[in-house]
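Colleague: Under the heading transmembrane segment, TrEMBL lists 38-64, 76-100, 121-149, 161-185, 197-215, 260-283, 325-346, 366-388, 415-433, 439-461, 482-507, 513-533.
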Amino acid sequence: MRFLNWRNRVKVFLQLLKMRILSVFKGSGKKDKYKKNIGFKVFIGIVVAYAALCFVGMFGFYFMQLAENFVEQEVGFAYFSMVAVVMVAIGFVTTVFAAQSQIFEAKDNDLLTAMPIPPRYILLTRVITLLIVELAESLVLGIEAMLIYKIFAPVPVGGAIMMVVEIIGLNMITASISAIFGLVLAAITNRMRRKNIVKTIATIGMSVLFFFLISEMESRINSMLSMDGVFIEMDEAMKKEMLPLFYFGKAAAEGDFKSFIIFMLMAVAVFVMMIFLLSPFFLKITSTNKGGVRKKYRPEKNVEREVKKALLYKERRRFFTNASYMLNTAIGLIVFFVAGVAVLIFREKVFDSIITMSYLKNHIGAYVLLISLFFCAINVISAPSISLEGENLWICKAMPVEPFDILMAKVKNHIYICMPIVIFFGIAANIALPISPAIRAAVVIIPALSVVLMGLLGVICNLHMPKFDWADESIAVKQSMAVIATMGIGFSIVIGAAVLYGLLRFIPYADYLYTFLMTGMFALAISFTYRYLRKGGSQRFTEL
């Protein structure tokens, strides 16, 4: 591009950015009579609003505690510094899994690198796309944090405006970290035989390390406050140890323009350095021969499977060979397993931490049940399963197989993967925690029914909200309305279960009645969704 002047270079860059954003955010190219329906649009709006409300609610209580503590100690800037830590952590989670696939393993890398386009232009457009995806949730968290802080102390108008701009700078730092992690993963797995297994283990390991550093940072901020509430000079301490966070909090809490300028310069410097440092590696990674390790030929018998088993095998193979699919749709299973082991090993500490909350002391079983339902709601393996067929959807439709069998294979894949770990957690809770007999059964049975229902709901939502024209599989998983809708319905179930328990807890034999009603409602919901999938769902699949 040496022959192009700066204006033409800008045009090329903007065109690249436009193409990338459209490839990530555009919906299905097919015209859909369901999407033209006003009722369908209203439903989507309600689901998105509800998902945003649940997202906000998860952090509201935490921000409330932080604000009360730090305002009382007269260190409001430390509150906003902690908010920045939370935003970095959440942003990292939502982008690190996509950084490798969307930046270094995108399908159009070979085409773009063969053109006279500087690698840093390609890299920059990919990172900006990650930044945009991350920006929406960061703005929601930032606005929520400001509103909660305003309950305890005034927020300067200038500070509020500066914080909105600072969030963009904070996302630049987070996107840079995610891009670096993505490069490391791509370099590790580029020529490996079992790259998906290695990718999954490496991603989880680096995520654990990252969150360990984040938690250490949080602990360090808290340790700067004395145990008896006496104010400690935090200005100098945070300047020495957490310089960017200090300036972020100072500008937001006090409207300090100097701190704002310093933080933004730091953020831009980190972003620019990342682009220039990663550009040579980007070209090297994308141009590397990915032939992998040569496999020796071993004669094997052709395994014949019954049709339904073959369909289930296909779904299971897709799940376990796609790290992005696994980590974005089944993160709740990791939490379930870790929680189950922790409950068995550290039962006394877990019990003590629960009873310290007085309002949960007599309702431990219900609390464990609601936690189980929440983590069932974030396991959405079946929700993007139809979208992942992509351009190969016609093969499924052309096979001499009933559409219902194809759809049920996706449901069964969700059930068979989730069910063992969910039951393990229920049994562990029964062994370790003092729960009433009725709730003991509910902790195992109701989450198991929730797994079945979520599997059915995921496929139904994906039938009505498919996304086939993705450029990368992670887009079909992370940016699918079907995934959002399924999670939204799952969160509604959790809230409904909590409200029902609250209404029944003062009635005699409340635990038995609650278990009976919840089991009955789940059974009815499963029956209804199963019948719909057999008739209306199968017809809908043939029309895709």
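Glycine is no exception: its Cβ is also placed from the backbone N, Cα and C atoms.
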Colleague: Of the stretches 76-100, 121-149, 161-185, 415-433, which racks up the most C-beta pairs under 8 Å with the transmembrane segment (366-388)?
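Modeller: Top-ranked stretch among 76-100, 121-149, 161-185, 415-433: 415-433.
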Colleague: Hey, does the transmembrane segment (513-533) touch the transmembrane segment (439-461), meaning at least 3 C-beta pairs closer than 8 angstroms, sequence gap 6 or more?
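Modeller: They are in contact.
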Colleague: Can at least 3 Cβ pairs under 8 A be found between the transmembrane segment (482-507) and the transmembrane segment (415-433), with each pair 6 or more apart in sequence?
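Modeller: Counting Cβ pairs under 8 Å (6 or more apart in sequence), the transmembrane segment (482-507) does not reach the transmembrane segment (415-433), since there are fewer than 3.
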Colleague: What same-chain residues lie close to the transmembrane segment (260-283): Cβ under 8 Å, and 6 or more beyond its ends?
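Modeller: Hits for the transmembrane segment (260-283): 103-104, 113, 118-120, 122-124, 127, 162, 165-166, 168-170, 172-173, 175-176, 179-180, 183, 187, 243-244, 247-248, 251.
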Colleague: In the same chain, which residue numbers or ranges, 6 or more beyond the ends of the transmembrane segment (121-149), come under 8 angstroms Cβ to Cβ?
Modeller: 12-13, 16-17, 20-21, 24, 52, 55-56, 59-60, 63-64, 67, 71, 76, 79-80, 83, 86-87, 90-91, 94-95, 98-99, 102-103, 106, 109, 112-113, 155, 160, 163-164, 167-168, 170-172, 174-176, 178-179, 252-253, 271, 274-275, 278-279, 282, 478-479
